[in-house]
Every structure is written in C-alpha cells, then in structure tokens.
Ligand SMILES: [Zn+2]
Ligand SMILES: [Zn+2]
Ligand SMILES: [Zn+2]
Ligand SMILES: [Zn+2]
C-alpha cells in the first residue's frame, strides 16, 4: 500500500493553486494577541471551516469562551474539530495546527506588506506573516485532502483535525477542551497517534523529525526595601540598595559559559547514553549554523555536539531583565525601591517545575541571607511546563522517516527542540499516545520575525511529505 | 550695625501678604521639562521681573537661545540678572535661585491641586509645587527687598540677582552666561561672595548651612553579542548571553554594604581629620531620621556619624538599571542582544571624573576579560561633575551662622549634601569667591515629590533669616 503516483502528479500540477490558497490565508491578518484584529481571527476560522467542509470533513467549531485583552472582554476564537473517516480497520491520526499568527507591521522592517503573500521568483520564497508559522503546514493538510478527493483516492487512515486560533497567545482554552474530549464516545476516542506540524528544520538543508521539547520554569525574584524610589545623591551609601542585592543574587545563578550554579539541578538531568550522544553527532549541523542564526560568533563551544546538546538535552538558565529599575535611555540617578529580576530555566528530563522550584527557592534564600541585607526577598514562579520526550523508534516516527526519505531522498535529522510547544505535552498526556512533530518549514523561516517566509519547495514537497506520511502510517503501523 | 527691629516687625505684620505672593507664584505652572508648559515659564519670568522692578532693581533678561524638547525647537526661558546698589564701601552679594519647577499632576497622588497654594492651618503648611523648591526662597529675597523699600531702610549690601528658569532641566545655557559675565565691567564684576538658597535642612528641626556637595560620574556599560534578540528556548545554553556577562560585571562594582570594589578609588578620598569627624558627631540627626525619610529600616549602619559620612564625605556607587533588557511586567523569554547597565559614582574630594574614569574603565575591562566571553564590552561616561567644598570658616558662613542664631535661636548644623547643584561649582570656579548654601525649607519638604510643601514658619522666619544674613555680612566681612 504505497502512495499512488497520481498523488505526486496532482500536487505538482496544482502548485500555483496551492500557493493561491496560502495567499488567501495570509491575506487574513489573524493576529490573536491584539484585540483590534480579533474579527480577522474569526474570519480565518470561517475560511478553514469552509475549506474543510468542501472536502467532506465533518466540522464542529467549539466556543472556548471569553478573555480579557487590552482591557476589553472579547470572545475567544473557536477551536475547529474536524473528522473524516471512521473505518475501524484503519489507524486514526490526530492532526494539530494553528490558524492565528504573530503581529506584523510593514514598519517593523518588512521588505513587503506582511499580510500579502509575496512570491520572490528568484529565490523561490513566499514571504508573509503566517506563511511558515503555521498557515503553510495547516493548508498542507488541506492540500493533501483536496488531492485525495479530486483524484477519488480513498484516504489510507481516519483523520481528526484540531486547529486552534490562540496558539500565539497562550492557547487559551485549548487544554481544557482536549481534556474534556478524551474518553469513550468523545472526539479524541480511538486516536492512535498525533502529528503536529508547527516547528522547523534544524537548518535550511535537511528535513527533521522532532521527538523532544524542553520545559520551562520562569521566576521573578523581588528585592524591596525603601518605601519609595530614592535619590542616589541623598541616599547613596546610606541605605541597603535593592539593586545591589538583586544584581549580586542574579550573578550567582549562571556562569558566562552557561553553567547553572543552583545546587542539585545537574543531578536531575537524565544521564547521556552513548546511543543518544551519537544522535547529536550525526545531525546535519555546524557551529557556523548557530552563529549564522545568532548573527555573531558567540557560540559557547567549538564542538557541534556540545552546542546541540546545550540546546536539546541540557537545561539552560537565561537572565531576561529587571522590572522596576531604570530602563530608559539617558542617565537617571535613581535608587529603585523595589526591583524584580526575571529569569527562566529550560527544563529537560527528569526535571519538572515541581522538583526544580524548591531547589531554586532554597538557593536564592540562602544566597540572600549571606548578603546581610536589611531589604526583603520574595521569589515567585510565574509559570512552568514540563519537558516532553517521545520514543523516536515508535511506528509513528518510522512512518514519518520513510515518508521523508521518499519525498526528500534524505534521512531526516532526529532532533529535540530547546523551546516548548505546550500542546504537545497536553496531547501526549491526555491521549496517552505517541506524538510526532513533523515540520514543513526551514530553520531560517523567521517565524515571529520580520520577513517570515516559506520556501515554495518546502510548501510543495511538504504537502507531499504530509500525504506520504499518512500512507506510510497505514503501511507501517501494526494492525 | 545690627538688624533694625522694624525689619522683623514688618515681616511679621505682612505674613499674609507674603503668603499671597507665594500663592501667585505657585499658580504659574512654570514646569521647564515639558514643552507644553513653556509659556508658563516665561509668564513666571515676567512675574519676577515686575516684582523686582517695582522694588527698584535694575533688571536685564538674557536670552539663552533655543533648545529641542519633545521634538520641537523652542525658546529657552531667560536668565534674570538684577542689580541694586553700587556703593563701593559695601560688600556685593550675588544671590541665586530658580523660578522653574518640577512637573506635577493631581493624579500623581497629590492631596491638593499642585498649582494652587493650599494653606493647611492645622499643620501650618503651605502645599504646592515650587513652594519650597525654589519659589519660596526666591520670593524670600523679594520679601526682604520689599521690607527695606517700604520701611525706607537702606540695604546694608549691594545685591546682584541671578534667577534662572531651567534649573530642573539641566540649567541649559546658564554656565556659558556666568562665564561670559565674569571680568572687569561685566555683570559679576565686584561680587564678594555668593549665597544660593535652593537646598534643605538635614531634618525638620534644625537650620543648617551647607558647605559641600558630592560630584558625580555616570557610566553606561554595554555588552553586545548576537545580532538580534534571541529566543531563550532556541539559544539558551548555546551562546554567550550578554545579560549573564553584564550582571556579573555589575555585581563586581559594589558590595551590599556599600563598599566600592573598584581598586584605587578609596585612595583618592581625602583623609578624615578629627576636626571634620567631630562635625558629623554634633549634627542633629539620628538613624531614625534616615529610616523615616527612606520609609523603611534599611540604614547601612546603626552609627549616626557613619551613615552621615556615607552620604556627605564618602563616595557611593548606585546601580540604576539596565537598558535593552526585558523590563515590563510579565514573563518574556528573551535573550536580549545588547544590554547597557547604568551606574553612577558620587564623587568627593579629591575625586574628579578625570581621575575616576580611568580606574573604572580599566577595572571593567579587566573583569570582563576574566569572563572569557565572546561578547563585546563598551564603557561610556555619560556625564560628570566635580565635588564642591567651601571653607565653612569664611566670613560668609560666619555671617550666616550669626543670622541663624539670631532668628532661630539655634546654632545651625554644618552640612554637606550627597547630591549635586552644578551651578554652585560654576559660581565657585568662575567667580573665585566663597559660596554659601543657605536653605529656607526643611528636610521633609518633598521637593520633586507629590505634596511638596513649605512650612509657614520656614517661609516667614526664612525671610527674616535672609534679611538678617545681609546685615550680618555687612557687620562681619572685613572692610
Ligand atoms: Zn506556531
Ligand atoms: Zn508561532
Ligand atoms: Zn531647586
Ligand atoms: Zn529641584
């Protein structure tokens, strides 16, 4: 049961139709983080529902309630739950993507209008907000559906769609929906595996499958003392200054080489096996890749595997900034009365917010006690999420690997990512099945940046990849 | 030649007229730092010119040119140069005050309309922006003049006035004016000493004379690396993070107990003599005074003299904040690409920006080199000013001391202040004469804060003090 050749032919022949479909989607500025764009997020949901229904998908939109944004109470965009195929002899695959996008303004530094898909024929790139994150991948599934329907080809699997419009703004409401829809007779009943297409290749050359994500624990350390901001002329060298204490505490969290100084954290990290180490050694990646994406020669090491493991399988601690201190241009001579340092730790197995929090809090309190300061310390965890790792030898991954080899003639890199996509963990835990991250775009697509793009070849070959993956699941998964 | 009794009688009898005069001045919102208030700064200058001319002062307003503020090019308010008396047998005293004020809005938390003088009869306080800083003292001189004119009393000294309208906004244009007007036949020719009334008592009980001010050297330390802000998920533990380097550098500048860690700085500080030490021991001041003004028990020491010397005769280093890092509420997971730490050092004799700068820059470079970071360091001095100390045994001070004892029946505290009033140094250096800071208001007046006030008793007794000082100069100064 391999992919019929007519599938690939149809996709190649309808390249410009598929690009038109993406252009229509990009033209709807479905920015979820700005209340004044909310109507467009709804417009985008209607666009998708129409496309799905035209292709025979049974669609249900789920009202996720209201939120407060920019001071107004407004309606959340709906989750779109779609279903096609109910053959008990076939595997049932749950697909996820999001139809909202990050904000974008021409004045941010875009070379083209961000909400008008611009096809640069010379480079073969499609520029536009959402082209790669995540409208391209979402439409990739619709292109696959269309191809099957138009060719009269029966789908090799049952498909379930879960498309949301709030991913860029914390996925409000989605977790509850997923948990509610688990159980006999519910929407997610019978799902055999999950495929999420909302990430990127490690580089701009080699496709990848992603089987892990770091978690996060985000902290706010507040030092307060004086009742109000003081003038440094009048009070300098007479009182305990909160900034002095805070800067010293923050300096004791992490070394310039990235080493975390909080006792006990290192011991939580799962030991590295030879087999895992080898996975990093074979990745198609170089120090120059990382320095190119950072824009400067600032890699922590010259050893490719070390740098990759720093991102993928070891924790990191980043100091983000300070709230309450002087932060504007110029030279203000203030002693801020209350300052809050913000830092976060990226978590890897077997770290969790629950086992990391007490170590962080105990350490900060002990270090603060050493300062002999009369100021006050408060440590808060602002938010947290567990890391996620899947079994990359599961049939879901085997199918995706075969599909990649078929379409791209390359063995995909097996990667873990340093950031988090919280819905991944929700699906894994709530459904109890294997989850695969199968990216369409490249590492240089610039999701969330100016000039976001998707290469035409990634869109078209990516559509083929998604379709082939469905056939390979049918062929590979145990009956 | 002591003060005629009728002087004191007139001041007491005209208390409510003098308060009316202050009310008129406070009603003009002469905020120099906001372009939309500039017309009121001019209005205030016309008010003062009219008052001075009505009392026989020869007035010249000096156009100080233009400035760019809030994006517009606007006219600077004029300096007001006034002159009354030319008797070569009398001493010539140069007076300074400013007629502009800090911004103030009722919504900032004022209990009363800030630009309407509110007389609280119960506490004897006059609330209003500029009441104490610096319209009260400025009008104090005008009250003294009026009293002499109305009583037909000859002034015991020649007076020169220099009133500016930009003190709260960097005294733009004034330094050049002062330097231009020094020399034979120029405005400041023949000045024997300077009296500036633009500061405060140390507490709310005891008058003071101020003979020293700290200088300042303000630094910006910039660490840059990546070409753009990075996502901590993707880049955490793979690149040298500028914040990590900056926080570590900033932590090496000053200890929580106020001790400065830059080698060589301490050696620049003039040694403490027993005589000077004793001056701090006798000041009417307590740890509870400082903790009351800071609003919390955060004094660096329980020893009053140690805390006072920390403010008055030792340097201080304050960390003000960071530009370029995440500073808003919330939890953003950014690795900032370029961050600038701001700190300043308050300077005391024999420190100057010129001898401090190289020590700071050399130290920061050496500490940065120890980090083995691939990021880049830049250190800038944003501005600087030398410390100022006058001889408190000069006849100018002796006269002010006698005047204080006459009016307040108390020996004034001899203080130095921790902040800077740059015009003081300009007068001292350009004119080469003794400069005295003779305050009218109390330490709790709240200049620059909400609910700024001047006690009626300080306004009225302060007017007497200024007048008595003129008579005491005439009596005390060598012929
Ligand atoms: Zn996305
Ligand atoms: Zn995104
Ligand atoms: Zn002032
Ligand atoms: Zn002021």
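Numbering starts at 1 and runs along the chain as it is shown here.
Using N, Cα and C of the backbone, Cβ positions are placed for all residues, glycine too.
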Candidate from B:164, B:168, B:417 that TrEMBL assigns to the same Mn(2+) 1 site as B:133, B:448: B:168
Binding-site annotation, TrEMBL, Mn(2+) 2: partner of B:98, B:133 in B:17, B:20, B:198, B:204: B:198
Candidate sharing the substrate site with B:198, B:231, B:346, B:420, B:448 (per TrEMBL), from B:244, B:333, B:406, B:463: B:333
Interface-adjacent binding-site residues, chosen from B:133, B:231, B:333, B:420 when a CB lies under 8 A of chain A: B:231, B:333, B:420
Residue B:167 (active site, proton acceptor): nearby binding-site residues from B:98, B:231, B:420, B:448, Cα cut-off 10 Å: B:98
Confidence summary (mean pLDDT) of the domain 'Peptidase M20 dimerisation' (B:211-369): 96
Candidate nearest residue B:448 (Mn(2+) 1 binding site) in space, where candidates are the binding-site residues B:133, B:198, B:346 and distance is Cα-Cα: B:133
Neighbourhood of residue B:168 (Mn(2+) 1 binding site), C-beta criterion under 8 angstroms, separation at least six: B:31, B:32, B:33, B:98, B:100, B:101, B:102
Pairwise Cα distance for residue B:198 (Mn(2+) 2 binding site)/residue B:231 (substrate binding site) [Å, integer]: 50
Recorded positions whose CB lies under 6 angstroms from ligand 4, from B:100, B:133, B:168, B:198, B:346: B:133, B:168
Nearest-integer angstrom distance between the alpha carbons (Cα) of residue B:420 (substrate binding site) and residue B:133 (Mn(2+) 2 binding site): 15
C-alpha spacing of residue B:133 (Mn(2+) 2 binding site) relative to residue B:333 (substrate binding site), in angstrom: 44
